Amino acid sequence: MSATAAADIQLDAAGRLRHFLTIEGLSRELLVRIMDTAESFAGVTAQNVKKVPLLRGKTVVNLFFENSTRTRTTFELAAKRLSADVLNINIATSATSKGESLLDTVRNLEAMHVDMFVVRHAQSGAAHFIARHVAPHISVLNAGDGRHAHPTQAMLDVFTIRRAKGRFAGLKVAIVGDILHSRVARSEILALNTLGVDEVRVVAPKTLLPAHVEALGVVPYHDLNEGLRDVDVVIMLRLQLERMGTAFIPSEHEYFQRFGLTEKRLEKARPDVIVMHPGPINRGIEIDSAIADGPRSVILQQVTHGIAVRMAVMSMAMHSGPDMEVPA
Amino acid sequence: MSQADFDVETLLARLEVSLREELARRRLDDPAMIGVHTGGAWIAEVLHRRLGFSEPLGYLDISFYRDDYPQSGMNPDVRASKLPFRVDGRNIVLIDDVLYTGRTVRAALNEIFDYGRPAEIVLGVLIDRNGRQIPIQADCIGGRLELEPGQRIKLTGPEPLQLTIRTGGR
């Protein structure tokens, strides 16, 4: 799908977010607005009552065709902190396993007057497909589709970078690992380039890089020591062993020898480097425990920020009406 | 209210006196002050200094608590609410610039109660104008104003703070 077509579906006539399916085609201004809104939601945790009434009376359906405890939980918590009712559809025991089509499932849920679908699916484009077919009042958020996109993960990552560094200009960011199978990496690259970082590097063995990866606006490296030189941010990716056969890497041990993040390797980066990982971590395969649990790791902050960012995207997508000055 | 009464300094001085009297009358020791973004925060910053409050000033952005949110959508300029003190059992002075429909104050009260249960709340506003839609009234005011339907009063600032009456729009 072209950037324009994707943006056409995601934005309403006034250019406001209606669905959130991909970073592609979204403006820097909109990405900044999502982060600014998330910043306000981060303050909600300071309240005794960690809820705001924005989505009171709305029903959010977590439609997860792929397992993901962390992403589903943070979407659920985000919806609940917005005071929405949340329905988690267990796809393994749902009607789709009895032969009902995806659209039939969606139509049945629509008939129950739900307001938002959070969709995770192994098939690229599944969230777009649903967004094209839902009733006009329903918003669709992509919680990861195939190898295509994981836009809320990308937004929580750039939000974490902005909180740690205070800026994007002048930053060098290295994304390390299984770029080929990673929808997170694709969305992150789009977000980082839109927000104007100096350089996005991808560091991986050739077998784990897509062909013509430079076209995404990145500089490829096959040597981790080189790829980490002077970077401000390192994003380690999970080795998606379930998506690959044996041909991609010789062994987990050898992968760690060449591409695992260790204290010694991290010395090549800038002294104030931050280390990120979308989780779940394969300790000792992608990253040394000393780094994952160390002072430069912001991995758990990413999880916390994920709730605020998802609250921002949900509230922005749910109500994209005209902004009005409010009488006091 | 005459044209001379639109002088913000005069209104602020009246509100300050009114607040001093009300706090003394109700014997509210060591209260904390909260300003409602944006105009209320500007007013609160001045009053907080003049009244010599010991606690830092708190700020509320009531965007997430607006009752017209389903119609109007997300405010593109949301600021984080910040209450740098415990609300539970505290006496609070809540400051806004204009009291009109009462909906902003209702939202602000809802948000304050999500931080804790205050002991007492004193509401001070620079301008109390006609047009109430819900039963909320201020304890302390700088001035009262009757406006025609379609007219509204707007505070701009923070330097300088100025009041202007506009016609049309919401």
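Any Cβ shown, glycine's included, is placed from N, Cα and C.
Features of the protein shown, as given by TrEMBL:
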- A:18-162: domain 'Aspartate/ornithine carbamoyltransferase carbamoyl-P binding' (DOMAIN)
- A:R70, A:T71, A:R120, A:H150, A:Q153, A:G279, A:P280: carbamoyl phosphate binding site (BINDING)
- A:K98, A:R183, A:R238: L-aspartate binding site (BINDING)
- A:170-316: domain 'Aspartate/ornithine carbamoyltransferase Asp/Orn-binding' (DOMAIN)
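Overlay of TrEMBL annotations on the structure.
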residue	record	DSSP (3 states)
A:R70	carbamoyl phosphate binding site	helix
A:R120	carbamoyl phosphate binding site	strand
A:H150	carbamoyl phosphate binding site	coil
A:R183	L-aspartate binding site	helix
A:R238	L-aspartate binding site	coil
A:G279	carbamoyl phosphate binding site	coil
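The most densely surrounded of the binding-site residues A:R120, A:H150, A:R183, A:R238 is A:H150 (count of other Cβ atoms within 10 A of its Cβ). When the binding-site residues A:R70, A:T71, A:H150, A:Q153, A:G279 are compared by Cα distance to A:R183 (L-aspartate binding site), the shortest distance belongs to A:H150. Counting every protein chain shown, the number of other Cβ atoms lying within 10 Å of the Cβ of A:T71 (carbamoyl phosphate binding site) is 23. When Cβ neighbours within 10 Å are tallied across all protein chains shown, the highest count among the binding-site residues A:G279, A:P280 belongs to A:G279. Recorded residues A:R238 (L-aspartate binding site) and A:G279 (carbamoyl phosphate binding site) have their alpha carbons 7 Å apart, per Cα-Cα distance. Per-residue pLDDT, averaged across the domain 'Aspartate/ornithine carbamoyltransferase Asp/Orn-binding' (A:170-316), gives 91. Same-chain neighbours of the carbamoyl phosphate site beyond A:R70, A:T71, A:R120, A:H150, A:Q153, A:G279, A:P280, judged by a C-beta within 8 angstroms of the site's C-beta center, are, in sequence order, A:S68, A:A143, A:G144, A:V184, A:P278. Ranking the binding-site residues A:R70, A:Q153 by other CB atoms within 10 A of the CB puts A:R70 at the bottom. For the carbamoyl phosphate site, whose annotated binding residues are A:R70, A:T71, A:R120, A:H150, A:Q153, A:G279, A:P280, the maximal Cα to Cα separation is 16 Å.
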